[in-house]
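Student: Sharing a structure here in structure tokens format.
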Amino acid sequence: MKRKIIAAAALLSAALLLSSCGEEAPKVKDSIKISGQTMGTYYAMTIIPGQYGNQADKFKQIAEDEFKVVTNAISSFDPNSEISRFNRWNSTEPLKISKYLGDVIQEVNRQALRIDGVLDISVAPLVNLWGFGTDGRPEKVPTQSQIDEVREYVGFDKYKVSYIGGMAFLEKGDPRVKLDLSTVGEGLGVDRVAAKLDEGMISDYLVSIAGAVRTRGTNPEGKDWKVGIVNPVQPDGQPFEIVCPHGMAMSTSGSYRNYFVDENGKRYSHIIDPRTGKPIEHHTVSVTVIERSALVTDTLDTGLMVMGADAALKWGDEHETAIYTIEIKDGKPVGRHNRYFEPYLKCDAKDAQ
Ligand code: ADP
Ligand code: MG
């Protein structure tokens, strides 16, 4: 589904160990590293299991069961998911859905409306039209009249969630409506795993799916968990910035991996501006948000990406939310952040002083 954040903890802690030569070697706690694939991308976890010991298989199973709950509800690529069933539902009659899916849609929309609806899960037909959805790549760039036609059934008022006696229902105002929740899958996944680990009294962990991360406590060396923001110019190279989320959720939206190039060499992002029906065109290539839940950050990051760096940083100031942006200026990546992000650029109490 999206880009990779590098969990740079191991790499950085090795460097710190070297630099502390001569001092007493710090105690390193036993930890378990688990990785795998989900949602068309990669996940990684580092857990300090404490009393549970090295039960890597058990933790892997817990995580993958949680990811399955998410994909069963929202995967556009699984024909048996609830959202795929709804997207095929060629009717304006309400369709019964899980309470989980109903609640996710409600929360995503609550966050989306905070950013003026530039994150809009009903953009699915536009995403498909531009070739980033389940229908594969387009032959050519859609015409304005094709875009206008599709926009007739895109918008917050084109579908509705309702609850009756503890049951949830989803209905379309037009049978052609389709929903796309893929941008929040990673956030939902890491939130669920974090909740499970919290329930099991695991107090030190880092869980990431692509660009969505949850951390708690400290790393095996007893230091803050460190997470890298991918360099948009060299996604597989060194991180562009190192961040310490201090127990908060963090996610990054990046438009540098998934795009298509037309016959004239013009690049089209997979992020659609619902106000125009077209892919975003500005030079902002990465937006990182830190907040309490990864569902919130994963909803906001894509929306703030639509808005672009200036508006995203301003929005963060007005809403006391930590934002970090990367723009391409003269071919080079340039990072900016607002003051609410500053505490997260300081790692370990020592550096923070
Ligand atoms: P990124 O790393 O760029 O955030 P994601 O996979 O999280 O990538 O989100 C991008 C996906 O979200 C697109 O492929 C598309 O399916 C969907 N999408 C694109 N534009 C919007 C939008 N304005 N609102 C909601 N979803 C969108
Ligand atoms: Mg997102």
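Cβ from N, Cα, C; glycine included.
From a predicted model like this one, the values you see are computed outputs, not experimental measurements.
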Student: T92, T134, T143, T183: which one does TrEMBL list with D298, T302 for the Mg(2+) site?
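Tutor: The one candidate that TrEMBL places in that Mg(2+) site: T183.
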Student: For the binding-site residues listed here (T183, T302), tell me which residue's CB has the most neighbouring CB atoms inside 10 Å.
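Tutor: For the binding-site residues T183, T302, the Cβ with the most other Cβ atoms within 10 Å is T302.
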Student: Let's check the environment of D298 (Mg(2+) binding site): how many other CB atoms sit within 10 Å of its CB?
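Tutor: Its Cβ has 34 other Cβ atoms within 10 Å.
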